[in-house]
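As recorded in TrEMBL, the features of this protein are as follows:
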type     : residues : note
TRANSMEM : 47-68    : transmembrane segment
TRANSMEM : 75-93    : transmembrane segment
TRANSMEM : 113-133  : transmembrane segment
Amino acid sequence: MVLADQISKTVVRNTMSLYESIPVIPEFFHLTYVTNDGMAFGINFPLGIYVFSAISIIFTGFLFWYLWSIKDDEIVVRTGVALILAGAIGNLIDRIFLGEVVDFLDFMIGNFHWYVFNLADSCVTVGLGFVLYDSLILNRKKVSQIEQ
């Protein structure tokens, strides 16, 4: 996933102009090249790139440790953490080498326009979904089976 994220961002950087938007499915999905030197959803603050890069490095180290410590039979949570880790690494590479994150996936429905994001962001979101599913649904089933 890290490789797919980096390749897609390189293609966007090399074939599109900054702020260029290409409708793929008009009024629903565009490829829109923007950059973000802050946090998620374009939230900026002074020295954001440095602070967020440092936090990302620490968080990535924690995720490596956590992934290593999860039992092999916990496939759902392992997959989720691996996706979160891939997303964190993908955006960290951008921050370190470009000083900003490349975003390009742009969805909208009517007047509702979501934030532009990238494959790394998608990995984090889907990975969090896996972890939440494991925590909220699968763990309840395990507890219920133990109680019976």
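Residue 1 is the first one shown; counting continues down the chain.
A Cβ is built for glycine as well, from the same backbone N, Cα and C atoms used for every other residue.
Tertiary neighbourhood of the transmembrane segment (113-133): same-chain residues 1-2, 4-5, 8-9, 32, 34, 40-42, 76-77, 79-91, 94, 101-107, selected by CB-CB distance under 8 Å and a gap of 6+ residues from either end. Same-chain residues lying 6 or more positions outside the transmembrane segment (47-68) and placing a CB less than 8 Å from one of its CB atoms are 37-39, 78, 81-82, 84-85, 88-89, 91-92, 95-96, 99-100.
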